Amino acid sequence: MGKNVVVLGSQWGDEGKGKIVDLLTEKASAVARFQGGHNAGHTLVVDGKKTVLHLIPSGILRDDVTCFIGNGVVLSPEALLIEMKELEDNNVPVRERLKISPNCPLIMPYHIALDQAREAKRGSGKIGTTGRGIGPAYEDKVARRAIKLADLFRPDLEEKLRNLIEYHNFQLTQYYKVDAIDFDTTFALCQQWRDELKELVCDVTEALNQLRLAGKNLMFEGAQGTLLDIDHGTYPFVTSSSVTAGGVSTGTGIGPLYLDYVLGITKAYTTRVGSGPFPTELFDDVGAHLAKVGHEFGATTGRARRCGWFDAEALRRAVVLNSLSGICLTKLDVLDGLDEIRIGVGYDIPESEFAAAHDGEFYETVTPKYETLPGWKGSTVGITNYDDLPEEAKAYIKRIEQLIDCPVDIISTGPDRDETIVLRDPYDA
(Lines of atoms letter the chains of each structure in order from A and count residues from 1; the text may use other names and numbers.)
(Lines give C-alpha, C1' and ligand atoms only; values in the text may rest on other atoms or scores of the structure.)
Protein backbone atom coordinates (compact mmCIF):
# COMPACT_ATOMS: atom_id res chain seq x y z
CA MET A 1 0.00 0.00 0.00
CA GLY A 2 1.02 3.58 -0.58
CA LYS A 3 1.58 6.20 2.10
CA ASN A 4 -0.14 9.53 2.62
CA VAL A 5 2.24 12.21 3.90
CA VAL A 6 1.32 15.68 5.17
CA VAL A 7 3.89 18.48 4.91
CA LEU A 8 3.09 21.66 6.80
CA GLY A 9 4.69 24.64 8.49
CA SER A 10 5.18 24.43 12.24
CA GLN A 11 6.11 28.07 12.93
CA TRP A 12 4.71 31.31 11.41
CA GLY A 13 5.12 30.24 7.79
CA ASP A 14 8.06 30.72 5.39
CA GLU A 15 9.79 27.63 6.80
CA GLY A 16 10.88 26.23 3.44
CA LYS A 17 7.97 23.88 2.70
CA GLY A 18 8.18 24.27 -1.08
CA LYS A 19 11.66 22.79 -1.38
CA ILE A 20 10.81 19.82 0.85
CA VAL A 21 7.55 19.08 -0.95
CA ASP A 22 9.42 19.21 -4.24
CA LEU A 23 12.08 16.86 -2.84
CA LEU A 24 9.61 14.31 -1.44
CA THR A 25 7.33 14.28 -4.50
CA GLU A 26 9.96 12.13 -6.16
CA LYS A 27 8.11 9.27 -4.46
CA ALA A 28 4.57 10.69 -4.74
CA SER A 29 1.94 10.25 -7.42
CA ALA A 30 -0.07 13.32 -6.37
CA VAL A 31 0.22 16.50 -4.31
CA ALA A 32 -2.81 18.33 -2.90
CA ARG A 33 -3.19 21.80 -1.43
CA PHE A 34 -5.82 21.83 1.33
CA GLN A 35 -6.08 25.40 2.66
CA GLY A 36 -5.09 29.02 2.12
CA GLY A 37 -4.93 30.83 -1.16
CA HIS A 38 -2.41 32.82 -3.17
CA ASN A 39 -1.18 34.43 0.04
CA ALA A 40 1.19 31.47 0.23
CA GLY A 41 4.59 31.71 -1.41
CA HIS A 42 6.55 28.51 -2.03
CA THR A 43 10.03 28.94 -3.51
CA LEU A 44 11.66 26.02 -5.34
CA VAL A 45 15.23 25.89 -6.61
CA VAL A 46 15.93 23.09 -9.08
CA ASP A 47 19.32 22.95 -10.80
CA GLY A 48 19.90 26.55 -9.74
CA LYS A 49 16.65 27.81 -11.30
CA LYS A 50 14.19 29.54 -8.95
CA THR A 51 10.41 29.13 -9.23
CA VAL A 52 7.90 30.81 -6.91
CA LEU A 53 4.44 29.24 -6.62
CA HIS A 54 1.49 30.77 -4.79
CA LEU A 55 -1.50 28.54 -5.58
CA ILE A 56 -0.34 25.56 -7.59
CA PRO A 57 1.14 22.68 -5.54
CA SER A 58 4.92 22.40 -5.55
CA GLY A 59 4.77 19.02 -7.31
CA ILE A 60 3.86 20.72 -10.60
CA LEU A 61 7.49 20.61 -11.77
CA ARG A 62 7.49 16.79 -11.66
CA ASP A 63 6.52 15.06 -14.92
CA ASP A 64 4.58 12.20 -13.35
CA VAL A 65 2.83 13.98 -10.46
CA THR A 66 -0.81 15.10 -10.53
CA CYS A 67 -1.51 18.28 -8.57
CA PHE A 68 -4.82 18.95 -6.82
CA ILE A 69 -6.29 22.11 -5.32
CA GLY A 70 -8.73 20.96 -2.65
CA ASN A 71 -12.00 22.50 -1.49
CA GLY A 72 -10.32 24.12 1.53
CA VAL A 73 -8.43 26.53 -0.73
CA VAL A 74 -9.92 29.93 -1.57
CA LEU A 75 -9.19 30.27 -5.26
CA SER A 76 -8.28 33.43 -7.12
CA PRO A 77 -8.88 32.50 -10.77
CA GLU A 78 -6.99 35.61 -11.86
CA ALA A 79 -3.90 34.71 -9.82
CA LEU A 80 -4.14 31.07 -10.89
CA LEU A 81 -4.23 31.91 -14.60
CA ILE A 82 -1.22 34.21 -14.24
CA GLU A 83 0.71 31.47 -12.44
CA MET A 84 -0.30 28.90 -15.04
CA LYS A 85 0.92 31.13 -17.86
CA GLU A 86 4.29 31.68 -16.19
CA LEU A 87 4.76 27.93 -15.87
CA GLU A 88 3.54 27.25 -19.42
CA ASP A 89 5.97 29.88 -20.72
CA ASN A 90 8.67 27.72 -19.12
CA ASN A 91 7.36 24.60 -20.88
CA VAL A 92 5.56 23.12 -17.85
CA PRO A 93 2.34 21.42 -19.12
CA VAL A 94 0.17 22.67 -16.26
CA ARG A 95 -3.18 21.74 -17.79
CA GLU A 96 -2.12 18.09 -18.05
CA ARG A 97 -1.15 17.94 -14.37
CA LEU A 98 -3.55 20.20 -12.44
CA LYS A 99 -7.05 19.43 -11.10
CA ILE A 100 -9.27 21.74 -9.00
CA SER A 101 -12.19 21.04 -6.68
CA PRO A 102 -15.46 22.66 -7.83
CA ASN A 103 -16.13 23.44 -4.16
CA CYS A 104 -13.31 25.98 -3.89
CA PRO A 105 -14.73 29.39 -2.90
CA LEU A 106 -13.59 32.06 -5.34
CA ILE A 107 -11.73 35.23 -4.40
CA MET A 108 -13.63 38.02 -6.15
CA PRO A 109 -12.69 41.68 -6.76
CA TYR A 110 -14.88 42.80 -3.85
CA HIS A 111 -12.93 40.54 -1.48
CA ILE A 112 -9.68 42.23 -2.42
CA ALA A 113 -11.25 45.69 -2.10
CA LEU A 114 -12.62 44.82 1.35
CA ASP A 115 -9.31 43.35 2.54
CA GLN A 116 -7.34 46.42 1.55
CA ALA A 117 -9.93 48.90 2.83
CA ARG A 118 -10.03 47.20 6.22
CA GLU A 119 -6.27 47.17 6.66
CA ALA A 120 -6.10 50.84 5.70
CA LYS A 121 -8.79 51.72 8.24
CA ARG A 122 -7.06 49.77 11.03
CA GLY A 123 -4.00 51.98 10.70
CA SER A 124 -1.36 51.05 13.27
CA GLY A 125 -3.59 48.23 14.54
CA LYS A 126 -3.53 46.34 11.26
CA ILE A 127 -3.33 42.54 11.29
CA GLY A 128 -0.78 42.41 8.48
CA THR A 129 -2.78 40.61 5.79
CA THR A 130 -1.39 40.30 2.28
CA GLY A 131 -4.33 42.35 0.98
CA ARG A 132 -5.27 39.63 -1.48
CA GLY A 133 -8.83 38.97 -0.32
CA ILE A 134 -8.19 35.73 1.55
CA GLY A 135 -9.99 36.63 4.80
CA PRO A 136 -13.11 38.16 3.20
CA ALA A 137 -13.40 35.13 0.89
CA TYR A 138 -13.37 32.76 3.87
CA GLU A 139 -15.95 35.00 5.57
CA ASP A 140 -18.32 34.55 2.63
CA LYS A 141 -17.74 30.80 2.79
CA VAL A 142 -18.61 30.59 6.49
CA ALA A 143 -21.60 32.90 5.97
CA ARG A 144 -22.81 30.47 3.25
CA ARG A 145 -22.93 33.07 0.52
CA ALA A 146 -19.66 32.31 -1.33
CA ILE A 147 -19.46 31.93 -5.07
CA LYS A 148 -17.67 28.64 -5.62
CA LEU A 149 -15.95 27.42 -8.74
CA ALA A 150 -18.99 25.22 -9.47
CA ASP A 151 -21.23 28.30 -9.53
CA LEU A 152 -19.48 29.57 -12.66
CA PHE A 153 -21.21 26.76 -14.56
CA ARG A 154 -24.70 27.23 -13.09
CA PRO A 155 -27.58 29.27 -14.56
CA ASP A 156 -28.20 31.34 -11.41
CA LEU A 157 -24.66 32.82 -11.38
CA GLU A 158 -25.78 36.23 -12.66
CA GLU A 159 -28.43 36.66 -9.98
CA LYS A 160 -26.20 35.37 -7.20
CA LEU A 161 -23.31 37.62 -8.22
CA ARG A 162 -25.53 40.69 -8.55
CA ASN A 163 -26.89 40.20 -5.03
CA LEU A 164 -23.42 39.67 -3.57
CA ILE A 165 -21.93 42.72 -5.24
CA GLU A 166 -24.83 44.84 -4.01
CA TYR A 167 -24.28 43.48 -0.49
CA HIS A 168 -20.53 44.15 -0.45
CA ASN A 169 -20.73 47.48 -2.27
CA PHE A 170 -22.88 48.88 0.52
CA GLN A 171 -20.06 48.23 2.97
CA LEU A 172 -17.35 49.45 0.59
CA THR A 173 -19.02 52.74 -0.29
CA GLN A 174 -20.95 53.61 2.86
CA TYR A 175 -18.53 52.49 5.56
CA TYR A 176 -15.07 52.42 4.00
CA LYS A 177 -15.80 55.27 1.55
CA VAL A 178 -14.05 53.58 -1.37
CA ASP A 179 -15.17 52.85 -4.93
CA ALA A 180 -17.87 50.30 -5.68
CA ILE A 181 -17.20 47.10 -7.63
CA ASP A 182 -18.73 47.07 -11.11
CA PHE A 183 -21.11 44.17 -11.79
CA ASP A 184 -20.71 43.99 -15.58
CA THR A 185 -16.92 43.86 -15.38
CA THR A 186 -17.00 41.17 -12.69
CA PHE A 187 -19.60 39.06 -14.50
CA ALA A 188 -17.51 39.18 -17.67
CA LEU A 189 -14.51 37.99 -15.64
CA CYS A 190 -16.56 35.07 -14.32
CA GLN A 191 -17.46 34.02 -17.86
CA GLN A 192 -13.81 34.19 -18.88
CA TRP A 193 -12.76 32.13 -15.85
CA ARG A 194 -15.44 29.54 -16.62
CA ASP A 195 -14.08 28.99 -20.12
CA GLU A 196 -10.44 28.91 -19.00
CA LEU A 197 -10.86 26.54 -16.05
CA LYS A 198 -13.60 24.16 -17.16
CA GLU A 199 -11.25 21.34 -18.16
CA LEU A 200 -9.47 21.45 -14.78
CA VAL A 201 -12.53 20.88 -12.57
CA CYS A 202 -12.49 17.53 -10.80
CA ASP A 203 -14.01 15.67 -7.83
CA VAL A 204 -10.79 15.94 -5.84
CA THR A 205 -11.97 13.75 -2.96
CA GLU A 206 -12.88 10.88 -5.27
CA ALA A 207 -9.73 11.26 -7.38
CA LEU A 208 -7.47 11.18 -4.31
CA ASN A 209 -9.35 8.24 -2.86
CA GLN A 210 -8.99 6.25 -6.07
CA LEU A 211 -5.24 6.89 -6.05
CA ARG A 212 -5.14 5.80 -2.41
CA LEU A 213 -7.01 2.58 -3.18
CA ALA A 214 -4.59 1.93 -6.03
CA GLY A 215 -1.70 2.01 -3.54
CA LYS A 216 -0.21 5.30 -4.71
CA ASN A 217 1.81 7.64 -2.48
CA LEU A 218 0.01 10.93 -1.84
CA MET A 219 1.22 14.21 -0.38
CA PHE A 220 -0.77 17.01 1.24
CA GLU A 221 0.94 20.39 1.08
CA GLY A 222 0.20 23.01 3.71
CA ALA A 223 0.59 26.76 3.38
CA GLN A 224 1.48 29.33 6.06
CA GLY A 225 2.32 27.81 9.47
CA THR A 226 0.79 26.31 12.61
CA LEU A 227 1.07 29.51 14.67
CA LEU A 228 -1.04 31.27 12.01
CA ASP A 229 -3.91 28.77 12.32
CA ILE A 230 -7.32 30.42 12.73
CA ASP A 231 -8.10 28.31 15.83
CA HIS A 232 -4.72 27.55 17.36
CA GLY A 233 -2.53 30.45 16.27
CA THR A 234 -1.70 33.87 17.73
CA TYR A 235 -5.25 35.13 17.19
CA PRO A 236 -6.18 37.68 15.85
CA PHE A 237 -2.78 37.86 14.11
CA VAL A 238 -3.52 34.72 12.12
CA THR A 239 -4.66 33.60 8.70
CA SER A 240 -8.29 32.62 8.04
CA SER A 241 -7.91 28.89 7.43
CA SER A 242 -7.12 25.66 9.26
CA VAL A 243 -3.38 25.37 8.80
CA THR A 244 -2.84 22.36 11.07
CA ALA A 245 -3.02 18.68 10.11
CA GLY A 246 -6.75 18.70 10.89
CA GLY A 247 -7.25 20.96 7.88
CA VAL A 248 -6.15 18.18 5.52
CA SER A 249 -9.34 16.21 6.01
CA THR A 250 -11.72 19.17 5.88
CA GLY A 251 -9.82 20.71 2.96
CA THR A 252 -9.65 17.64 0.71
CA GLY A 253 -12.23 15.16 2.00
CA ILE A 254 -9.62 12.52 2.83
CA GLY A 255 -10.31 11.28 6.37
CA PRO A 256 -7.72 11.48 9.17
CA LEU A 257 -7.24 7.71 9.49
CA TYR A 258 -5.81 7.70 5.96
CA LEU A 259 -2.94 10.05 6.91
CA ASP A 260 0.20 8.06 7.71
CA TYR A 261 2.90 10.63 8.48
CA VAL A 262 2.90 14.35 9.33
CA LEU A 263 6.12 16.29 8.67
CA GLY A 264 6.55 19.66 10.35
CA ILE A 265 8.85 22.08 8.56
CA THR A 266 10.73 24.41 10.89
CA LYS A 267 13.65 26.76 10.49
CA ALA A 268 16.71 26.36 12.70
CA TYR A 269 15.74 29.81 14.00
CA THR A 270 12.39 31.63 13.92
CA THR A 271 10.88 34.23 11.58
CA ARG A 272 7.61 36.06 11.25
CA VAL A 273 6.19 38.40 8.59
CA GLY A 274 3.85 41.25 9.47
CA SER A 275 2.21 42.09 12.76
CA GLY A 276 1.71 39.95 15.85
CA PRO A 277 3.58 38.64 18.89
CA PHE A 278 6.99 37.00 18.53
CA PRO A 279 8.52 36.08 21.93
CA THR A 280 12.08 35.28 20.75
CA GLU A 281 12.39 38.16 18.27
CA LEU A 282 15.84 39.76 18.01
CA PHE A 283 16.40 43.48 17.55
CA ASP A 284 20.21 43.37 17.56
CA ASP A 285 23.04 42.58 15.16
CA VAL A 286 22.34 38.85 15.37
CA GLY A 287 18.77 39.39 14.15
CA ALA A 288 20.05 41.51 11.27
CA HIS A 289 22.64 38.83 10.49
CA LEU A 290 19.99 36.09 10.31
CA ALA A 291 17.84 38.24 8.02
CA LYS A 292 20.74 39.02 5.70
CA VAL A 293 22.28 35.54 5.48
CA GLY A 294 18.87 33.86 5.36
CA HIS A 295 17.54 36.24 2.66
CA GLU A 296 14.49 36.76 4.82
CA PHE A 297 12.02 38.45 2.52
CA GLY A 298 8.54 37.02 1.87
CA ALA A 299 8.07 35.18 -1.44
CA THR A 300 4.53 36.58 -1.77
CA THR A 301 4.76 40.08 -0.32
CA GLY A 302 8.46 40.89 -0.52
CA ARG A 303 8.18 42.13 3.07
CA ALA A 304 11.21 41.77 5.33
CA ARG A 305 10.77 38.99 7.87
CA ARG A 306 11.34 39.52 11.56
CA CYS A 307 13.99 37.13 12.90
CA GLY A 308 14.65 35.54 16.29
CA TRP A 309 16.06 32.56 18.13
CA PHE A 310 14.52 29.10 17.86
CA ASP A 311 11.40 28.88 20.05
CA ALA A 312 11.25 25.28 21.29
CA GLU A 313 8.21 25.95 23.48
CA ALA A 314 6.15 27.17 20.52
CA LEU A 315 7.34 24.24 18.42
CA ARG A 316 6.47 21.77 21.17
CA ARG A 317 2.93 23.13 20.95
CA ALA A 318 2.98 22.62 17.16
CA VAL A 319 4.07 19.00 17.64
CA VAL A 320 0.96 18.37 19.74
CA LEU A 321 -1.45 20.32 17.51
CA ASN A 322 -0.39 18.41 14.39
CA SER A 323 0.57 15.04 15.91
CA LEU A 324 3.88 15.50 14.11
CA SER A 325 5.70 12.31 13.13
CA GLY A 326 8.94 14.14 12.48
CA ILE A 327 10.58 17.50 11.88
CA CYS A 328 12.44 18.87 8.88
CA LEU A 329 14.94 21.47 10.10
CA THR A 330 15.66 24.03 7.38
CA LYS A 331 18.25 26.80 6.96
CA LEU A 332 20.72 25.23 9.38
CA ASP A 333 23.47 26.84 7.28
CA VAL A 334 22.24 30.34 8.24
CA LEU A 335 23.57 29.70 11.76
CA ASP A 336 27.09 28.95 10.49
CA GLY A 337 29.76 31.13 12.08
CA LEU A 338 27.85 32.29 15.15
CA ASP A 339 29.84 32.13 18.40
CA GLU A 340 26.83 30.99 20.38
CA ILE A 341 23.25 30.03 19.65
CA ARG A 342 20.32 30.44 21.99
CA ILE A 343 17.15 28.36 22.19
CA GLY A 344 13.92 29.55 23.78
CA VAL A 345 13.14 26.65 26.11
CA GLY A 346 10.07 28.01 27.91
CA TYR A 347 8.24 31.16 29.03
CA ASP A 348 7.92 33.25 32.13
CA ILE A 349 4.18 33.93 32.29
CA PRO A 350 2.77 36.92 34.22
CA GLU A 351 0.45 35.90 37.05
CA SER A 352 -2.33 37.98 35.56
CA GLU A 353 -2.15 36.29 32.17
CA PHE A 354 -4.78 33.70 31.25
CA ALA A 355 -2.24 31.01 30.34
CA ALA A 356 -4.76 28.54 28.94
CA ALA A 357 -5.54 30.75 25.95
CA HIS A 358 -2.32 30.42 23.88
CA ASP A 359 -3.63 33.23 21.66
CA GLY A 360 -2.00 36.44 20.50
CA GLU A 361 -2.47 38.20 23.81
CA PHE A 362 -0.84 35.30 25.66
CA TYR A 363 2.25 35.31 23.43
CA GLU A 364 2.47 39.11 23.71
CA THR A 365 2.88 38.98 27.49
CA VAL A 366 5.31 36.08 27.95
CA THR A 367 9.08 36.42 28.36
CA PRO A 368 11.19 33.63 26.86
CA LYS A 369 13.65 31.63 28.95
CA TYR A 370 16.84 30.78 27.07
CA GLU A 371 19.47 28.09 26.96
CA THR A 372 22.81 28.91 25.30
CA LEU A 373 24.72 26.42 23.14
CA PRO A 374 28.10 26.83 21.43
CA GLY A 375 28.02 27.75 17.75
CA TRP A 376 30.15 26.25 15.00
CA LYS A 377 32.72 27.73 12.63
CA GLY A 378 32.62 25.18 9.85
CA SER A 379 30.21 25.52 6.93
CA THR A 380 27.16 23.27 6.72
CA VAL A 381 26.19 24.51 3.24
CA GLY A 382 25.32 21.66 0.91
CA ILE A 383 26.19 18.86 3.34
CA THR A 384 24.23 15.69 2.56
CA ASN A 385 25.67 13.33 5.20
CA TYR A 386 24.78 13.80 8.86
CA ASP A 387 28.20 12.61 10.04
CA ASP A 388 29.85 15.48 8.13
CA LEU A 389 28.07 18.13 10.22
CA PRO A 390 30.10 19.98 12.87
CA GLU A 391 29.74 18.37 16.30
CA GLU A 392 28.19 21.57 17.67
CA ALA A 393 25.54 21.49 14.94
CA LYS A 394 24.70 17.88 15.82
CA ALA A 395 24.43 18.86 19.49
CA TYR A 396 22.07 21.71 18.55
CA ILE A 397 19.84 19.33 16.59
CA LYS A 398 19.81 16.76 19.40
CA ARG A 399 18.86 19.42 21.94
CA ILE A 400 15.93 20.51 19.78
CA GLU A 401 14.73 16.90 19.56
CA GLN A 402 14.87 16.59 23.35
CA LEU A 403 12.98 19.82 23.94
CA ILE A 404 10.13 19.13 21.52
CA ASP A 405 9.95 15.34 21.96
CA CYS A 406 9.95 14.74 18.21
CA PRO A 407 12.69 13.43 15.90
CA VAL A 408 14.45 15.57 13.30
CA ASP A 409 14.08 13.37 10.22
CA ILE A 410 15.29 15.78 7.53
CA ILE A 411 17.86 18.62 7.59
CA SER A 412 18.07 21.22 4.84
CA THR A 413 21.52 22.74 4.25
CA GLY A 414 20.78 24.93 1.23
CA PRO A 415 18.00 26.01 -1.17
CA ASP A 416 18.50 23.33 -3.83
CA ARG A 417 16.59 20.06 -3.49
CA ASP A 418 19.91 18.16 -3.43
CA GLU A 419 21.25 20.12 -0.44
CA THR A 420 19.47 17.91 2.07
CA ILE A 421 20.21 15.30 4.73
CA VAL A 422 17.45 12.67 4.91
CA LEU A 423 17.72 10.67 8.13
CA ARG A 424 14.29 9.07 7.79
CA ASP A 425 12.21 9.30 4.62
CA PRO A 426 8.51 9.91 5.44
CA TYR A 427 7.51 7.42 2.75
CA ASP A 428 9.70 4.73 4.32
CA ALA A 429 8.92 5.52 7.97
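Every residue gets a Cβ built from N, Cα and C, even glycine.
Taken from Swiss-Prot, the feature GTP binding site applies to 13-19, 41-43, ARG305, 331-333, 412-414, supported by sequence analysis. The Mg(2+) binding site feature in Swiss-Prot is assigned to ASP14, GLY41. The IMP binding site annotation in Swiss-Prot covers ASP14, GLU15, GLY16, LYS17, ASN39, ALA40, GLY41, HIS42, THR130, ARG144, GLN224, THR239, ARG303, and the record cites sequence analysis as its basis. Taken from Swiss-Prot, the feature active site, proton acceptor applies to ASP14, supported by sequence analysis. According to Swiss-Prot, the active site, proton donor annotation covers HIS42, on the basis of sequence analysis. Swiss-Prot lists ALA299, THR300, THR301, GLY302, ARG303, ALA304, ARG305 with the feature substrate binding site.
Projection of Swiss-Prot feature records onto the structure.
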residue: GLY13; record: GTP binding site; Cβ contacts under 8 Å, 6 or more apart: ALA40, ALA223, GLN224, GLY225, LEU228, ARG272, VAL273
residue: GLY16; record: GTP binding site; Cβ contacts under 8 Å, 6 or more apart: ILE265, LYS267, CYS328, THR330, LYS331, SER412
residue: LYS19; record: GTP binding site; Cβ contacts under 8 Å, 6 or more apart: THR43, LEU44, VAL45, THR330, SER412, PRO415, ASP416, ARG417
residue: GLY302; record: substrate binding site; Cβ contacts under 8 Å, 6 or more apart: none
residue: LEU332; record: GTP binding site; Cβ contacts under 8 Å, 6 or more apart: ALA268, THR380, ALA393, ILE397, ILE411, SER412, THR413
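For the binding-site residues ASN39, THR43, counting C-beta atoms within 10 A of each C-beta gives the highest total at ASN39. For the recorded site, THR413 (GTP binding site), the DSSP three-state label reads coil. In terms of Cα distance, the recorded positions that sit within 10 Å of ARG305 (substrate binding site) are ASP14, chosen from ASP14, ASN39, GLY41, HIS42, THR130. ASP14 (Mg(2+) binding site) and ASN39 (IMP binding site) are 11 Å apart (CA-CA, integer value). It is ALA304, among the binding-site residues GLN224, ALA304, whose Cβ has the fewest other Cβ atoms within 10 Å in the structure shown.
In this entry, ASP14, GLU15, GLY16, LYS17, ASN39, ALA40, GLY41, HIS42, THR130, ARG144, GLN224, THR239, ARG303 make up the residues listed for IMP, with the farthest two CA atoms of the set 34 Å from each other. Under DSSP, ARG305 (substrate binding site) is assigned to coil, being neither helix nor strand in the three-state scheme. ASP14 (Mg(2+) binding site) and THR130 (IMP binding site) are 14 Å apart (CA-CA, integer value). Of all the binding-site residues listed here (ASP14, ARG303, ALA304), ASP14 has the Cα closest to the Cα of HIS42 (active site, proton donor).
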